[in-house]
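Sequence annotations record features per position, and here TrEMBL assigns substrate binding site to D:Ser72, D:Asn122, D:Glu166, D:Asn173, D:Tyr197, D:Tyr253, D:Val271.
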Protein chains: 4
Amino acid sequence: MTETPRPTDSHLHDVLQQIANEAQDLFGRGEVANYIPALAEVPARRFGMALAMVDGSSYTVGDAHTPFSLQSITKLFTFVLALKAVGEDLWTRVGREPSGAAFNSMVQLESERGIPRNPFINAGALVVTDILTSRYAHMDLAMLGALRRLTDDPALTWNVRIAKSERDTAHRNMALAYFMKSYGNFHNPPELVLDNYCRQCATEMTCTQLAQATMFLANGGVDLAKGSQPGEHVLSADAARRVNALMLTCGAYDASGDFAYRIGLPIKTGVGGGIVAIAPGRGTISVWSPELDAKGNSVLGAFALERLVQLTGWNHD
Amino acid sequence: MTETPRPTDSHLHDVLQQIANEAQDLFGRGEVANYIPALAEVPARRFGMALAMVDGSSYTVGDAHTPFSLQSITKLFTFVLALKAVGEDLWTRVGREPSGAAFNSMVQLESERGIPRNPFINAGALVVTDILTSRYAHMDLAMLGALRRLTDDPALTWNVRIAKSERDTAHRNMALAYFMKSYGNFHNPPELVLDNYCRQCATEMTCTQLAQATMFLANGGVDLAKGSQPGEHVLSADAARRVNALMLTCGAYDASGDFAYRIGLPIKTGVGGGIVAIAPGRGTISVWSPELDAKGNSVLGAFALERLVQLTGWNHD
Amino acid sequence: MTETPRPTDSHLHDVLQQIANEAQDLFGRGEVANYIPALAEVPARRFGMALAMVDGSSYTVGDAHTPFSLQSITKLFTFVLALKAVGEDLWTRVGREPSGAAFNSMVQLESERGIPRNPFINAGALVVTDILTSRYAHMDLAMLGALRRLTDDPALTWNVRIAKSERDTAHRNMALAYFMKSYGNFHNPPELVLDNYCRQCATEMTCTQLAQATMFLANGGVDLAKGSQPGEHVLSADAARRVNALMLTCGAYDASGDFAYRIGLPIKTGVGGGIVAIAPGRGTISVWSPELDAKGNSVLGAFALERLVQLTGWNHD
Amino acid sequence: MTETPRPTDSHLHDVLQQIANEAQDLFGRGEVANYIPALAEVPARRFGMALAMVDGSSYTVGDAHTPFSLQSITKLFTFVLALKAVGEDLWTRVGREPSGAAFNSMVQLESERGIPRNPFINAGALVVTDILTSRYAHMDLAMLGALRRLTDDPALTWNVRIAKSERDTAHRNMALAYFMKSYGNFHNPPELVLDNYCRQCATEMTCTQLAQATMFLANGGVDLAKGSQPGEHVLSADAARRVNALMLTCGAYDASGDFAYRIGLPIKTGVGGGIVAIAPGRGTISVWSPELDAKGNSVLGAFALERLVQLTGWNHD
């Protein structure tokens, strides 16, 4: 707990502390992602959490200032960037239904002839990256610029070693890209798109940065970042609501229904152990803990969010 | 528009009228369900809509007082009844993830070894009916009693002719039931459960009744029916929120993600052409129009809900 | 070895004896079918083998005179009976391609809209039984009559206890039948067809009887049974060749390709531990040993056939 | 009919002529492969057929001396080459079961974790090419050398234009290769293996050459090519039988069961319109006609083989 809470917010301070204490008991129940060596090196027993409120206040506990690998959480940002770039035309190339299958399955892609189910599974995020690769001379740098603006941190970057390690082992994602190309739903060379995709996945943020970067989704599309003009819109209020709806139905791979049932807030998870959640009209919550459950979501992160909504009622109207 | 709106509610009166007018243009874009003869006899060009507000006011337009066949909307009521009967143990027999496939698909049921993905697809609703069949001597009558209480209408019943017609052609549902039985996830004889299932599906309500019957979901679990004690809880506030979350992620078959994106309210649809939607803290909306789109959801119904949230902002916080 | 071999056949006598000796080493490598209690009671360590040659000679070793449950081997006989009854029209209701999946899978049946891949998987055999149920007042007795004629044994029958046990647990087969009925590819009540199906599966024969009963497939369609008229055709020579082709491509569930590669003779296996193989122009081979491999085929049976073709060259032209 | 038949063979001369006459009626019932432009340019109404008998005699009719694109028929030759190179170890990398699905499906590959069902579907042939790519410095030239030896034609080569066109559109095969690589079942860079694969597929032969090149499969593994030493073994007799068994169960994509049933000889088809069939102990048959049925097999080719076995009885023992 590092920010200076205003007196009236001492409740949230206590809530975060209580959650952090309770969460300790869950260490050891999951496993750190090991599909690429560089990710597997992260210490397992880490836990950080940050709140950013629409009134500008913020709260943290634990390792909230340690950068971690965003991984699939970046799918949220690329999706927003593509939505701004091409608008609702996006939906001719990707669906918006929950996948009902593992995040990198080929089966559904085959039965639906190369149209991925939603932008938050790998195939969908690859199509989104393909769209952005067509749009920007250097899509990786355009993405980074957007994230730097949202976090107000000009030093934000991707981890070169993790990006390279992911690229070297991206066989399945290459298969997905070529498969969609065989259906005509991929316009750039898969090799190039995968370069961009692996860089974006390797972007690192702290919990506090992640909570700040997603503030526009809790705040009717309006950014609060210091570098922004006051009241600057990232998205329209309606578009922000729609992004939240997609996070609610598709944000946690094949555990999205379970997250909606237990937690009831729009979220996006990543195999780096991060989760970001949106409490519309209230604020954003980010949590990081590297141990993952069988569906690839952070064990302590899911617990922390479930406790937060129990203690605050933020999932009730 | 038949109820007497209070002066301050003239806006909602106008909204319903405007939607009804606009919806006329969509007649002819869908097809009436024809998988059983009795359902196919319904006139296609009908449209009714009803609002029930938590303050007790209500509004209707068009054919809001014509009874229609609830069909899959009853899955919502059987699910609530089972949740009250067995609590969270329900989740040992059925999942809560979106299905990502057609509502009566066998494929996923096979890959997940007889556990249906959620209570709102046919396989899941059959398991729920199996649970209730074990619980009540006459599950069909228990269900009917619950619905009569929620609607305050002792004459509410199922359409015997439609129930029989559904039972006679229920081969695929029988296949689903026997298939789950082969995995041990079905306890009663499929023949018996299907009798109950087809009766419940054939229950008929008007839009006004349906809006009233689901009021507890908009009102923190508390029923407003005249026959109830004031403040009588159907579910706890938290359980009501969870039911809403399930409706949001799974309520419209394989178009659930699209409904969440466009409309953003918990809903449940039926092939009788009905849709019920929940605006938590505000009220409930029911709409009926028999023409269905390719995914089995009412064309005019979906349009009406999309317009309603645009005109009222009820999907924003 | 019980029949009196003619002097020139002492080689085959020795071959059977050698195989029986070698096979002993494989006991314990498989498991007796246990999906119905009555089948699981069979002693595991049994091995019998019988040859019936087109010249009328025959040879046996081990438990060749012990009756065992034919199970899926009866699919061969019902298929032949249906082919005689309705001819090539059969192929409008069932395919003749290998299944490429487990013997009782629903997935392919769904993707091919209720048409089973071939008559030797469960779904296909159920359709065949449905065809025969439409054709005969008592299909079960018609089938039994045909088998008694082929074996020349008026006492041949099904095991009532096994038939009942199979019927009581036939949930998955009921699911397959109702599923095909939902596509219009099932004409009789599934309950009735399953009665017939379970009786036929429970038919018991000895190895010697099984070798004799399939002789027409090795002998250009002509039966050699004592009760038959000399030269009586069961099938035309061309039809017999076609049945053999189907056995070669589809006779061993999802191990058919492996059997063709290793053994190269038309065969049909059953989970009772029996296998019958056809050496066209030479004779028939039947073998029985209850321990099954992971794909449901007899471990010692497959070994025995592989050794037989190595020692005799019967799979070469 | 160009070779000089010996007097006693006038029957086969007449048979080929009769088939060629009858086949004319079928022109127009299929479509020339058009997935790559260069293939689509072939005139549709061509028909050629050649027989090569184990006694050294040969017969042809129609366009038997026109080179055509072998396409998937080369899968037979690469499989034989790999079998000679690595022996039965081959089966650790690829199965030998019929696929039960379209020739380039991803679904089964996913459910069987990267092990293709057999060497005659695309995924399986890609693994075989990967094995040969590891084995030879220039696998494409090694393959070509083998085919030149079998046909005794030092000018045999691949069509550079077709090879390039296939390589440019090989997205789905690239997807298959990367997908298998993600399971560890692909050792070389997919780009390199695809270069080799597309060259081999574009190899051109005439019907007479194709019949000669496969003679060893009809002749107990022994080649009859003029350039070979007398009695030179390509494969052992037993290995040749096994290759024939694989052709019988898997040689015609998802129509293999139908070909076995109707024709009953080991075959291999290609989308260039060629089919080669083996009559063990008798000879080989090759036929070419570019119009394909819905499963990718030559319409006139299949007809010609079916008539040939009817007129000669070569599928009977």
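Backbone N, Cα and C atoms are what each Cβ position is placed from, and that goes for glycine too.
Annotations in TrEMBL come from automatic prediction, not curation.
Taking the features listed in TrEMBL, we show where each one sits on the structure.
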{"residue": "D:Glu166", "record": "substrate binding site", "Cβ contacts under 8 Å, 6 or more apart": "D:Ile36, D:Cys198, D:Cys201, D:Ala202"}
{"residue": "D:Tyr197", "record": "substrate binding site", "Cβ contacts under 8 Å, 6 or more apart": "D:Ala125, D:Leu126, D:Thr129, D:Ala170, D:Asn173"}
{"residue": "D:Val271", "record": "substrate binding site", "Cβ contacts under 8 Å, 6 or more apart": "D:Ala33, D:Tyr35, D:Leu39, D:Gln71, D:Ser72, D:Leu292, D:Gly296"}
DSSP-derived class (H/G/I helix, E/B strand, else coil) of D:Glu166 (substrate binding site): helix
Conformational class of D:Asn173 (substrate binding site) under the three-state DSSP mapping: helix
Secondary-structure category, per DSSP, in which D:Val271 (substrate binding site) falls: coil
Of all listed binding-site residues, namely D:Ser72, D:Asn122, D:Glu166, D:Tyr197, those lying near chain C with CB under 8 A: none
Taking residues D:Ser72, D:Asn122, D:Glu166, D:Asn173, D:Tyr197, D:Tyr253, D:Val271, which bind substrate in the record, the widest Cα spacing (Å, whole number): 19
Local Cβ density at D:Tyr253 (substrate binding site) - other Cβ atoms counted within 10 Å: 23
Members of the binding-site residues set D:Ser72, D:Asn122, D:Glu166, D:Val271 whose C-beta sits under 8 angstroms from chain A: none
Protein Cβ atoms within 10 Å of D:Asn173 (substrate binding site), excluding its own: 25
Surrounding CB atoms that lie within 10 Å of the CB of D:Asn122 (substrate binding site), all protein chains: 24
Local Cβ density at D:Ser72 (substrate binding site) - other Cβ atoms counted within 10 Å: 23
Proximity to chain B among binding-site residues D:Ser72, D:Asn173, D:Tyr197, D:Val271, where any Cβ pair is under 8 Å: none
